[in-house]
Amino acid sequence: MKIPGVATVLGGVTNGVAQTVRAGARLPGSAAAAVQTLASPVLELTGPVVQSVVQTTGRAIGVRGSHNESPDGMTPPVRWRSGRRVHFDLDPLLPFPRWHEHAAMVEEPVRRIPGVAEAHVEGSLGRLVVELEPDADSDIAVDEVRDVVSAVAADIFLAGSVSSPNSAPFADPGNPLAILVPLTAAAMDLVAMGATVTGWVARLPAAPQTTRALAALINHQPRMVSLMESRLGRVGTDIALAATTAAANGLTQSLGTPLLDLVQRSLQISEAAAHRRVWRDREPALASPRRPQAPVVPIISSAGAKSQEPRHSWAAAAAGEASHVVVGGSIDAAIDTAKGSRAGPVEQYVNQAANGSLIAAASALVAGGGTEDAAGAILAGVPRAAHMGRQAFAAVLGRGLANTGQLVLDPGALRRLDRVRVVVIDGAALRGDNRAVLHAQGDEPGWDDDRVYEVADALLHGEQAPEPDPDELPATGARLRWAPAQGPSATPAQGLEHADLVVDGQCVGSVDVGWEVDPYAIPLLQTAHRTGARVVLRHVAGTEDLSASVGSTHPPGTPLLKLVRELRADRGPVLLITAVHRDFASTDTLAALAIADVGVALDDPRGATPWTADLITGTDLAAAVRILSALPVARAASESAVHLAQGGTTLAGLLLVTGEQDKTTNPASFRRWLNPVNAAAATALVSGMWSAAKVLRMPDPTPQPLTAWHALDPEIVYSRLAGGSRPLAVEPGIPAWRRILDDLSYEPVMAPLRGPARTLAQLAVATRHELADPLTPILAVGAAASAIVGSNIDALLVAGVMTVNAITGGVQRLRAEAAAAELFAEQDQLVRRVVVPAVATTRRRLEAARHATRTATVSAKSLRVGDVIDLAAPEVVPADARLLVAEDLEVDESFLTGESLPVDKQVDPVAVNDPDRASMLFEGSTIVAGHARAIVVATGVGTAAHRAISAVADVETAAGVQARLRELTSKVLPMTLAGGAAVTALALLRRASLRQAVADGVAIAVAAVPEGLPLVATLSQLAAAQRLTARGALVRSPRTIEALGRVDTICFDKTGTLTENRLRVVCALPSSTAAERDPLPQTTDAPSAEVLRAAARASTQPHNGEGHAHATDEAILAAASALAGSLSSQGDSEWVVLAEVPFESSRGYAAAIGRVGTDGIPMLMLKGAPETILPRCRLADPGVDHEHAESVVRHLAEQGLRVLAVAQRTWDNGTTHDDETDADAVDAVAHDLELIGYVGLADTARSSSRPLIEALLDAERNVVLITGDHPITARAIARQLGLPADARVVTGAELAVLDEEAHAKLAADMQVFARVSPEQKVQIVAALQRCGRVTAMVGDGANDAAAIRMADVGIGVSGRGSSAARGAADIVLTDDDLGVLLDALVEGRSMWAGVRDAVTILVGGNVGEVLFTVIGTAFGAGRAPVGTRQLLLVNLLTDMFPALAVAVTSQFAEPDDAEYPTDDAAERAQREHRRAVLIGPTPSLDAPLLRQIVNRGVVTAAGATAAWAIGRWTPGTERRTATMGLTALVMTQLAQTLLTRRHSPLVIATALGSAGVLVGIIQTPVISHFFGCTPLGPVAWTGVFSATAGATAVSALAPKWLASTVGVVQPDERPDDAEDSDAGG
């Protein structure tokens, strides 16, 4: 489709530029002719634009005419035309509400026109959509349609109720204005550039920069833009501003600004062209007469103009200035969208910059600077970078989305992504393509709930019903009888239907039917969590299982419009993801889409078209996932653009003040047209494009189906998965350039360089991450400012410090990642994949899979959905799988559930809502007993274990020490900048030159920036991380070490963390034992040993080197073997086993038949659950003895023990050595048993657990135990670990009914939590944090991963721990000794103290430098007493090496083991040392540190000022005086540093070395002169040392007097001596 005028413009502009170049400098007339040549095609192009402006202006000033005026004679304008499809705008002809109710009167006559194939009215668009016949003359047919519509509209108008129009034309991406407006602006930029080049070549005089300043004032003043929009409309305003700017740039011969704007407009043109192409491709399906017509939702957009008439401009939206609306008149009250009314980071800065530039211009005029200076101030404050950064990001992102087929109706929505604070996900968008049974109920015998479910599910999927079990009935002739449909609901529906299951005419059950969840629902929610926005889910039927994945939920039927409106009012801009289905109330959905700041709708071809959406995606959620991925990137891109704009404005202002801007007279100078503002804009443009490209390069999400496999019959599961009907994981696409590079890297010449190149690339990426620090822009601007005022050396220093810090941090990051990769590189797990023969039917293939003997050993990573795997004890399950065969199967799922005991598994389906899902195996669980075959249903990111880490909303990692240092920097920087301003002001008062005064002020401000802070934080954390790694704690995130120093609450997962997750025998009690005997007897007692011997005889013995069949067998046999003299290492040497019956959950016991010796009487020995064994026993007094037995069992259970009863009887039958026959015989004979006693088993606590808990409690730390075990077990374990015996146990059920406030209050007082889910673990940690606690979470399972991430410090336990837990952890314990936790806490304290003292040195020294410089400037000769190079010297000698030495040195001196006579004494000293450190005051970077900084700054300034004053009062030059002040400035700081770490050899050596370097520099003539100093004599050195000693003595000997004099409280709660003594313990 052609766009009117585009070819003309392109050709004309190209010819005009060529003529301009050829014209050269021949004469002004030629240049003028060339400019005219350039401008003529632009004027030709602006016809449609001018028409739009005239219409908008006419509406604004009320020229539209009377509302009662008939549109007779008007013809409907063609709004869009492509091929045989034409859109006619009906709004001008039918200017009254509810006109679309007369749509049939328009459609019928048009359909009768020859050449018209189809015609229908899209009420939401206000358009008549016509499709012409292939052989029709399109021009004639269009004219006839316009005539017919005009006549029909006149009749409707006369019969209709005329009122004020409240609708406006729909603007689609096919509107020519979408391209014409940015193309017009680009052409104007080319004209301006041509005029500029012509002026340069012809040496024509340029207009003053006041011209450009006036254009900038109009273009970048929000109030001015709003005023113009209210008069000209957005299109007119955009064109007027573009013309004004282009004219100003051409007259002033400025090339940089139009060039940048041309690049920006080119991006907008390419974006609009891409959207236009997608509109052309998708319009036939979206505007199809076969789709239901959407209700017309009247919308009023209050953004921009004052008029309350609904309005929209596509062209303005393409520039990000308008919101998309669709209007009509079917309901009474219009909805005010207010899209874009909440300012984002760019808008906030633009307003600030507008006010600031006006103030700066006014100040320049008041100071007598003239109009040129005022114009320079305005131009310096232009926020061009802020605008262009966001525009570039949105344009590239929009073009990328269009290239994947996504229809962007409002490009302005992409410009609003940076301000989204709430993500609302409508459950309707999560609906998959297939129906699903959500609830089943059986109503007849032989039809239980599970049977009804599987039959109904098979019917929904068009499958044959599975064969019934023996106790079930066949499903021959089964069908679903649906309840009468109610039609689309008037209120939001929940997507639920009811049906009866009918078999042979009889209703045997009923089902509730909804929809499967979209496979991309989980990736969508996971991505939403990573955006940092609040995630809200409105449920529909079937999405309840996703509740734990969001911040808040709302039940089905909640009005979406009301929800979005309330969230936007309470929390900020909202992004809505929804879909319009035919069984939902589309009015509510369309209205919600209209008011959402960003409305994303999935396209359901069976439902109404969501015209009110800003973006219409495809039928799945993959594109919505990418849009959500763009949110944090958009926010970061806008913030980066704002920072660049601030930096450009700062540097431009500095150039203006120093007069550097006027030095370049050549108009074609690169420095002139690429000024700081334009340089910042160019950087923001490239950065925005790169950020958008990063989003588009993200791999497509992997689908994660949430089918209820556990509730389906194995045959159904096998047919769906092994039959290939389920999609496999999406393979990530590899860009072509990456494939080419990979191919080249394997060439013989390049192969040796592959490794180093990869390492350098990784280092570059890591370094770039380190540079993403808020201090980096500040330091970069400071370096540029130093270069501007001539201090290139200082600029290089700051840049060098930034680079060294980033590289150091990058190296540390790579080291940590490499160590973590080495630790986490799990051994390539091998698994037996069953080779299934190729047979005809699914049922036969399933039987073959169950019984096939051929297997192939493959890597677990190669498994795919549908593979059948073979598993046996003690193998680890490699993927989520549905059981096909389960023989005596028990599985340890403690890593996922927290339950320490194995769980039984079965093949039969379980209820769809059954939380145990006994027919499933989950990745990471361990086969404890039995054998299994299962079909893989999920691998990789789709497994339950992997989802555990991202299953909880709003989980964020704690801020590190960098964040606190940035906060401190934000407090200190204003003071240092004020010091620089004070130096400049004082110098001006002393009549110094403006340039010199500004140079001194900049030098002080830049020198006072604590550029060493990032390096101090990095190296201190690196040192602490290395020390901890050497002790067995791998630090994956060094930034969290700082939180270790503040941790006051440690939360422990029990199973696998404090315990070994291995059963052990705790006690063995004879049956005659008292009911509540306490303490329990030792197993070495003779009666207990007999019970243990009997239990061992009943246990299944390992055969042929195989493992134990059951965990209880292993524990009992191990305990029996430990009884010296009673049992041998392999069992009872006198016991001869005749037959064994292994434990099965269906039996509830294990049994063995044997005899003692060769002549002994055969005996039947049993052990099992008391509820199974006791009823089979012979009791003397059944009532009393049974009650006594139950009391004993209850008492043992209350101790947290798993209880087994042991019994025996004589065996009179023979054995067949056939397991099944013997099992049946035993079960028949196992009555009238003799009860021998009971065995109590429990999880084995780690040997280091109790000492750790006791040490933490002794160090006044709060310990919280969190477990999934029963409350009785939890209480018993807590007592064993050293927690108070009366500790109350709170269950997850109790937590579930509490609100956040009650939750926090309860969590603050409790120490033991039992039966908690993974989500509740996160809630417990969050509640503790709300109470002000600094938390650490220690765990090893996937169910701990989210809580580990939530805690301030996450600690994972290695070994058998889950990879999810280790991946979420900040610190990983690499061995079984939990005592290293104490070392970690001590290291955290030490690091905090080191950082605190290093920050005091850095910032306090800078404060002293500022104070000294201000005093010297005020009382000196108007010059700062120290210059830029001298401040450089101070930073080198006092800030860098001494501060770093302090940062990496522990404040607390550890005891030396060699000083103690015995190991016990050394261990005692270590314990006392740890306790002394941990119970001491918590180091802080808050108010106490600020007081230390002020004190150090005052002492430093006092010493330097005293030496400087002595120099002034003694004979000598001014340079000598300045040198004395500089020397005392350094010496005073070094002396205070020595006081801070006088026990550290490293600090002493560094301080003395720095002092020696200073003396050498001062006394060496050439070097001294280079730094602006002079060698000092004896008198001068005496004055320096006296001043240094006096100031240092005041700091050390009279801290209280110093504090009261300065006016602050001394921060140190203890003097260093006390700290050292305590530390030494």
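Even glycines carry a Cβ here, placed using N, Cα and C.
Model, not experiment: these values are computed from the prediction.
Listed in Swiss-Prot for this protein:
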TRANSMEM  148-168  transmembrane segment
TRANSMEM  177-197  transmembrane segment
TRANSMEM  358-378  transmembrane segment
TRANSMEM  637-657  transmembrane segment
TRANSMEM  673-693  transmembrane segment
TRANSMEM  778-798  transmembrane segment
TRANSMEM  968-988  transmembrane segment
TRANSMEM  997-1017  transmembrane segment
ACT_SITE  ASP1053  active site, 4-aspartylphosphate intermediate
BINDING   ASP1340, ASP1344  Mg(2+) binding site
TRANSMEM  1401-1421  transmembrane segment
TRANSMEM  1432-1452  transmembrane segment
TRANSMEM  1547-1567  transmembrane segment
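Calculated from their C-alpha atoms, the gap between ASP1340 (Mg(2+) binding site) and ASP1053 (active site, 4-aspartylphosphate intermediate) amounts to 8 Å. Of the recorded positions ASP1053, ASP1340, ASP1344, ASP1344 has the largest number of other Cβ atoms within 10 Å of its own Cβ.
Reduced to three states, the DSSP call for ASP1344 (Mg(2+) binding site) is helix. The residue listed as 'active site, 4-aspartylphosphate intermediate' and ASP1344 (Mg(2+) binding site) have their C-alpha atoms 7 Å apart, to the nearest angstrom. Sequence-distant neighbours of the transmembrane segment (673-693) (same chain, 6+ residues past either end, Cβ-Cβ under 8 Å): 254-257, 259-260, 263-264, 267, 379-380, 382, 384-386, 388-397, 400, 630, 633-634, 636-637, 640-641, 644-645, 647-652, 655, 661, 784. Away from its own ends, the transmembrane segment (637-657) comes close to residues 344-346, 349, 353, 356, 360, 373, 376-377, 379-390, 393, 418, 675-681, 683-684, 687-688, 691-692, 777, 780-781, 784-785, 788-789, 994, 998, 1002 of its chain (Cβ-Cβ under 8 Å, at least six residues beyond either end).
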